[in-house]
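Database features (TrEMBL):
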REGION    1-20  region 'Disordered'
TRANSMEM  47-68  transmembrane segment
TRANSMEM  110-132  transmembrane segment
TRANSMEM  139-159  transmembrane segment
TRANSMEM  165-185  transmembrane segment
TRANSMEM  197-219  transmembrane segment
TRANSMEM  246-266  transmembrane segment
TRANSMEM  287-313  transmembrane segment
TRANSMEM  356-374  transmembrane segment
C-alpha cells in the first residue's frame, strides 16, 4: 500500500509541474462509474420496439385495407378523404364515389376489425393468465359459441331486437355463462388441466351448437341468414351503428384488463404467493372473467365466431416478449387487431367480387398452431 501511495503522489506531483499541453490525460483517473455505460434492460427495449412495430404496421395495414376491395382507391386518396371530410381541402367531384365508399363501407369495416381483433387477442391472453394454461382461448373452450347462442336467441326473439343493445347483451350473457362453466368444470388442484379444459370446451361447444341448431330450426328465413353469419364470422355488416354500440364496451374492458395485468403476473406465481402479496384472488378472477366475457360477447355480437385469434397472438408474443402481462396484454390487443385486419383484407380481395368469411382464414392458421401447442404440452407432461 505504501508503494501505491508513493506512485499516486509522484503522478499528481508530475501533473502539477508539467505544462498543460504535455500532461498525459490518459493517466488522470476518473471517478468510479463516471464513464461506465448505463444498464439497459433488453426485455424492456424489446417490448418498446415490438409495440412500436405493431402500432406502425397496424396503421399501415388499416390505411391499405381501406383502399382495397372491389373498388380500389389509391392510398393518397384514402388520406385525402380525411382532409376533404374535415374541410381542410375542398371536395372534389371526381372522388365523390370514393369518399362515399370509404365513409359508408370501408372505414366502419376496418375500425370494426380493429375493435374485434383487439377484443379477441386481449381476451385470449387474459384467459390464459386466469386459467394458467396457454391453450385457453375463447373459441377453443367454447366461450365464443356461448356468445353466439346469446346473439342467436336475441335474433330469433324478434327483428326489433337486432338494431338495439339486446344482441350484445344476450351475447355477453352467453359468453359469461360459458366462461363460468369452463372455469368451474376444468379446474383441479387450483389450476386447469389441458385435457379437462379441452373436454369442457368440447362439451360447452356441443351444447351451444345444439342451441344454435334449434334457433335455426325455429327461425324465419331472415333470422336464419343472420345465424349463419354468426357461425362463420364476417365483418360484411359493419356500420357506424354497430361501432357505436360496441366501442365503449371494448375500450372499457380493455382498460380494465390493462389495470389488472400486474396482479395477473402475481397470480402466475400461485394463489398463495398472490394472496401473500395482497391480491384478492377470487375478486381478481371474477373481474378478469367478467372482462373476458365482455370482450368476447362484444366481438361475437358484431362479427360472429372468429376462432383462434386469442390463441395464436398471445402465444407468439409471449415467445417474443416473455410472460409479463403488463406488456403481453396491450401487445396481444394490437396483434389481434392486426391479424383480424389482415384476415379481413384477404377475405375481401382473394376472390374477385366475393366476401369470404374471416373464420376460414383464422382457422387455417389457428388449427395447426393449436395442434402444435397441444403436442408440446403432452411432451412436457402438461396433460
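Using N, Cα and C of the backbone, Cβ positions are placed for all residues, glycine too.
Keep in mind that TrEMBL annotations are predicted by a computer and have not been checked by a curator.
Of the ranges 110-132, 165-185, 246-266, the one with the most Cβ pairs under 8 Å to the transmembrane segment (287-313) is 110-132. Three or more CB pairs closer than 8 A are found between the transmembrane segment (246-266) and the transmembrane segment (110-132), so contact between the two stretches is assigned (pairs 6 or more residues apart).
For the transmembrane segment (110-132), the residues of the chain that approach it from at least six positions outside its boundaries are 58, 62, 65-66, 138, 141, 143, 183, 186, 191-192, 197, 235, 238, 242-243, 246-247, 250, 253-254, 257, 264, 267-268, 285, 288-289, 291-292, 295-296, 298-299, 302-303, 306, 309-311, 313-314, 325, 328-330, 332-341, 344, judged by C-beta separation under 8 angstroms.
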